[in-house]
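Feature annotations, courtesy of Swiss-Prot:
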COMPBIAS  219-240  compositional bias 'Polar residues'
CARBOHYD  N11  N-linked glycosylation site
CARBOHYD  N26  N-linked glycosylation site
CARBOHYD  N237  N-linked glycosylation site
CARBOHYD  N272  N-linked glycosylation site
CARBOHYD  N277  N-linked glycosylation site
CARBOHYD  N304  N-linked glycosylation site
CARBOHYD  N344  N-linked glycosylation site
CARBOHYD  N360  N-linked glycosylation site
CARBOHYD  N380  N-linked glycosylation site
REGION    203-255  region 'Disordered'
MOTIF     282-285  motif 'CXXC'
TOPO_DOM  2-436  topological domain 'Extracellular'
Amino acid sequence: MANPSPHQIYNVTWVITNVQTNTQANATSMLGTLTDAYPTLHVDLCDLVGDTWEPIVLNPTSVRPGAVLLSSSPKYGCKTTDRKKQQQTYPFYVCPGHAPSLGPKGTHCGGAQDGFCAAWGCETTGEAWWKPTSSWDYITVKRGSSPDNSCEGKCNPLVLQFTQKGRQASWDGPKMWGLRLYRTGYDPIALFTVSRQVSTITPPQAMGPNLVLPDQKPPSRQSQTGSKVATQRPQTNESAPRSVGPTTMGPKRIGTGDRLINLVQGTYLALNATDPNKTKDCWLCLVSRPPYYEGIAILGNYSNQTNPPPSCLSTPQHKLTISEVSGQGLCIGTVPKTHQALCNKTQQGHTGAHYLAAPNGTYWACNTGLTPCISMAVLNWTSDFCVLIELWPRVTYHQPEYVYTHFAKAVRFRREPISLTVALMLGGLTVGGIAA
């Protein structure tokens with residue numbers, strides 16, 4: 001099975017999970033490609049902590065006489081309003097557990113029981129006076145702003161953002177981090193994972209029998225009796241005709257033969273409307289070997305969208321490589337010298353996460369495949385480039401002498417006949433083609 005286009009749009013959901021309670025702390029969904037669907041994630045610290053930061057508090061009346069009461073109340077946790085408010089004042093730091101080999105050399109960062117922060121230098125992000133940072137970790141975690149000053153609700157917001165390394169990482173499975181409060185004494189630990197769930201917009205086609213095979217029928221013949229029946233007037237002695245209810249019949253499913261004939265007829269109509277002199281005496285032949293389609297480069301006006309429009313959500317059913325494109329049209333990206341002949345006009349694209357939607361009935365032919373939309377994030381981070389095309393069936397145009405030679409015993413001309421595809425003859429004059 002061919003690899004999907006990197007410009008394909010998916011429904012991407014990012015999930016933050018509290019590891020200690022195995023509960024979902026946050027889920028954020030968006031439409032985008034696997035290259036640009038990296039939103040800013042928001043979660044409250046208490047959703048990562050739950051009840052795990054609630055140390056046992058001794059009742060002073062139950063303390064044995066002579067014992068020293070070190071603390072009458074904890075100053076962190078999520079049980080009470082006071083604890084949540086006090087918790088806002090503590091710095092915190094975050095240590096990765098997904099790649100222990102990438103930590104500082106000679107430093108043992110421990111395991112989950114240490115929050116992966118068994119030694120200083122293991123922390124890669126956080127909100128603390130020493131500004132923990134990293135050049136290789138996948139996320140940054142900072143304190144957000146809370147509109148709830150009373151802390152009756154959630155008032156310890158955290159903001160997670162993906163780094164450049166995180167956008168380039170493989171997210172086939174969840175990745176774990178440990179978060180610790182920086183305080184005198186023991187620094188409490190919260191463990192959380194970040195995972196990505198990807199689903200296609202278009203439901204996948206079920207495997208099974210080829211549905212085209214039962215439709216292998218020859219082209220149907222036109223009925224010759226329809227006009228005769230319509231001109232006959234029934235003989236009757238009745239003074240008024242009887243009303244007969246209309247008979248409704250469902251549309252008849254045409255066979256493969258009719259589909260192929262319709263494809264050639266549509267090509268003929270397009271050619272006849274463009275250059276009727278060429279259709280006076282010719283043969284149009286549908287190519288029976290792949291590639292069955294070809295792309296004709298055209299100039300057109302695409303739309304620039306910040307979010308993928310509905311036209312971007314479909315996956316092209318046709319397959320086309322850049323080598324099957326001819327003509328000259330609009331190119332996007334950095335086009336290598338080997339393909340610059342396809343470009344009548346070249347644009348570098350746009351910065352940021354934009355989607356360039358091809359006009360209705362057209363596609364972008366990229367060196368990574370066919371797509372209705374270009375993700376600028378993919379284009380800017382890869383060596384991909386694209387050409388705006390119309391998609392046409394490969395129907396060849398022949399002079400009548402070329403076909404006659406197949407039935408004659410001897411060749412009736414000396415020079416090699418020239419065969420062209422109809423798409424090349426039209427040169428992309430009809431926006432949208434006939435195969436789109």
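Glycine is treated like the rest: Cβ placed from N, Cα and C.
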*asked:* Out of N11, N277, N344, which of these glycosylation sites shows the lowest number of other CB atoms within 10 Å of its CB?
replied: N277
*Taking Cα atoms as reference points, which of the glycosylation sites N11, N304, N360 is nearest to N277 (N-linked glycosylation site)?*
N360
*What is the separation, in Å, between the Cα atoms of N26 (N-linked glycosylation site) and N380 (N-linked glycosylation site)?*
30
*Using C-alpha atoms, which one of the glycosylation sites N11, N272, N304, N344, N380 comes nearest to N360 (N-linked glycosylation site)?*
N304
*For N360 (N-linked glycosylation site), just count the other CB atoms lying within 10 A of its CB, please.*
11
*Got a sec? Which of these glycosylation sites, N272, N304, N380, has the most Cβ atoms within 10 Å?*
N380
*Take the motif 'CXXC' (282-285) and count its residues per DSSP category (helix H/G/I, strand E/B, coil), listing them in that order.*
0 helix, 3 strand, 1 coil
*asked:* Measuring Cα to Cα, how far is N304 (N-linked glycosylation site) from N344 (N-linked glycosylation site) in Å?
replied: 20
*asked:* For the C-alpha pair, I'd like the distance in angstrom between N11 (N-linked glycosylation site) and N272 (N-linked glycosylation site), rounded off.
replied: 44
*How big is the Cα-to-Cα gap, in Å, between N344 (N-linked glycosylation site) and N380 (N-linked glycosylation site)?*
21
_Please give me the CB contact count at 10 A for N26 (N-linked glycosylation site), counting all chains in the structure._
19
